[in-house]
Every structure is written in C-alpha cells, then in structure tokens.
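Student: For reference, TrEMBL lists these features for the protein:
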| type | residues | note |
| --- | --- | --- |
| BINDING | Cys43, Cys46, Cys80, Cys83 | Zn(2+) binding site |
| COILED | 106-163 | coiled coil |
| REGION | 219-299 | region 'Disordered' |
| COMPBIAS | 220-231 | compositional bias 'Basic and acidic residues' |
Amino acid sequence: MSERKVLNKYYPPDFDPSKIPRMKLAKNRQYTVRLMAPFNMRCATCGEYIYKGKKFNARKEDVENEDYLGIRIYRFYIKCTRCLQEISFKTDPKNTDYEIEAGATRNFMALKLAEEQAKREEEEQKEEEANNPMKLLEYRTEQSRQEIELLESLEELKELNRRQRTVDYEGMLKQYQPETTEQRKAREEQEDDEFIRSVKFTNTKPKVVAEEIIEDVEEPAAKHIKIEDPPPKPQGKTESWNRSIGVITKKNPLANLVRSKKADASEANSTALSSEKVPESKPSGLSLLADYSGSDSDT
C-alpha cells in the first residue's frame with residue numbers, strides 16, 4: 001500500500017535532471033502574495049481609510065536598479081476596498097520601514113516624526129562639533145554646569161531628608177484627626193476616675209477586708225462494714241395465724257390491744273384502781289382473739 005503523503009519519489013537509475021526542459025519566465029516577474037497593510041493610509045481617490053493590519057491579495061515585484069547594501073527592495077500593489085484604485089508602496093530597509101509611492105497618503109504618525117527629528121538634530125550636533133572646536137568647548141562647559149546643578153540639587157534633597165527625619169508625622173496627623181472610639185472610651189474612664197478621687201467622703205473609716213481561704217480537704221474513704229442479716233424466725237405459727245385471721249398491722253391505736261400476761265406489779269395496781277372508777281366494759285372480739293393467741297403460745 002502506497003503512502004498517503006508521498007514524500008519520497010521514485011527516481012529511475014537513468015534519471016538526468018539536465019534533460020528536464022525549463023520554462024522561460026520573465027526577468028521581473030510579479031508574484032501574488034497575501035499581506036497586511038504595514039501602516040495606516042487613506043485612499044487619494046475616494047478618501048477611504050485603510051488601517052494597519054488589513055489583509056490584501058497583493059502583487060509583489062523586485063525594484064530594478066535599487067538596493068541597499070546588497071539588500072533587495074520589493075514593491076507591492078494593492079487595491080482600495082471601496083473604489084479599487086491601485087495603491088503601491090515599497091520596502092525601506094534603511095529605516096526598517098515601508099515607503100508609500102502612489103494611490104494613497106500615509107496618515108500622520110507623531111511618534112515616528114519625533115524620532116526622526118531627534119535623530120536629525122543629533123546628527124547635526126555631531127557634525128557641528130566635529131567642524132567647530134569652539135562649539136565643542138561650549139557644549140562641554142554646558143554639560144559640566146548641568147552636572148554641578150544636579151549635584152547641588154541632590155545635596156539639597158539629602159539635607160531635606162535629614163530635616164524630615166526629626167519631624168513626627170504621626171503626631172502631627174493625630175492633632176488634626178478626630179479621636180477614635182477606643183480613645184474616647186479611655187478618656188471618659190480617666191475623667192470618671194479623676195472625679196471619684198476628687199470627691200471627699202465624710203465619716204470614712206478604713207475597711208478591713210477579710211480574705212477567706214477555702215482549702216479542699218480530702219476526706220478519708222469510709223470503711224465498708226459488712227452487715228449480716230439476722231437468722232430467719234420460725235414462721236410456722238405466724239403462717240397459721242395469717243391464714244386463719246389475717247395480718248395485724250402495728251399501729252398506735254391497736255398497740256394496747258395485745259398485752260403480755262406477765263406485767264409488772266405497779267402496772268397491775270394502776271389498772272385495778274382505774275377499773276374501780278370506770279365501769280367494766282364488755283370484752284371485744286379483738287381482745288378475745290388476743291387472749292386466744294396468748295393461751296395458744298403458752299401451750
């Protein structure tokens with residue numbers, strides 16, 4: 001398969017380039033090139049402005065019998081975009097620029113004219129100094145005088161800087177600047193303190209301020225005492241009693257209903273005296289039950 005882009009062509013062994021017929025072209029042949037306008041110009045026929053950078057299909061040719069230090073000079077032909085008037089300009093290798101020839105006028109370029117004028121003045125001055133020695137002496141004296149003036153002005157600036165170092169610019173600015181909120185608060189607090197100090201209080205006694213110091217004392221760890229549970233009581237009789245009658249709660253109103261038989265002698269006498277005064281009451285059901293429980297426990 002052949003290459004898509006043929007870069008290397010086949011030359012047969014008997015190829016002779018001298019046998020190739022050559023075309024006879026004109027000596028000053030014109031070529032069509034694509035270029036941009038090298039400067040701003042205005043058409044001389046219709047007044048159309050052509051700005052720098054506008055693209056044209058131009059014709060290029062060599063300028064006959066003109067060169068600069070062996071460098072060729074080329075001429076270009078373009079057409080106005082409005083009236084199709086032909087405009088021609090050529091290269092200027094001496095000034096590294098282009099020169100307009102016909103069909104248009106170049107717009108005013110202040111910077112270029114100023115550079116050209118400065119260059120001409122410099123050349124004229126050098127030529128005059130070379131031909132006139134008195135002019136050269138005047139120029140040198142003028143230069144020395146300017147140098148002395150520059151040194152004097154430099155000394156004045158240094159002296160002014162030394163004086164300005166001693167000036168407190170921040171203090172000067174603070175005098176004319178209004179005080180800030182923090183400064184105002186500090187000033188008000190200071191005025192209040194001065195007013196309080198100026199007031200004299202009567203019957204003033206020196207106060208003694210007692211300072212209480214509280215110290216944290218670590219308490220000793222409490223000892224854990226093992227409490228043993230009492231041995232369980234026999235629940236034979238109490239269970240039979242609870243089944244038959246029920247549980248009697250120990251409250252203050254019913255505490256005197258159940259009494260032990262073995263009472264003290266003093267307690268018996270007091271009860272006998274009280275029984276003589278108070279008529280005998282009939283025994284209640286609860287008292288009978290209590291007597292029954294006591295008799296049962298004796299047996």
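Cβ atoms are placed via backbone N, Cα and C, with glycine included.
A quick note: this is a predicted structure, and the numbers were derived from the prediction, not measured.
Neighbours and distances for these, please.
Tutor: Listed in sequence order, Cys43, Thr45, Cys46, Glu48, Ile50, Glu86, Ile87, Gly103, Ala104 are the same-chain residues at least 6 apart in sequence whose CB falls under 8 Å from the CB of Cys80 (Zn(2+) binding site).
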Student: Cβ neighbours within 10 Å, counted over all protein chains: which one of the binding-site residues Cys43, Cys46, Cys83 has the most?
Tutor: Cys43
Student: Specify all same-chain residues, apart from the site residues Cys43, Cys46, Cys80, Cys83, whose Cβ lies within 8 angstroms of the center of the Cβ atoms of the Zn(2+) site, ordered by sequence.
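Tutor: So the additional residues around the site are Ala44, Thr45, Gly47, Glu48, Thr81, Arg82, Leu84, Gln85.
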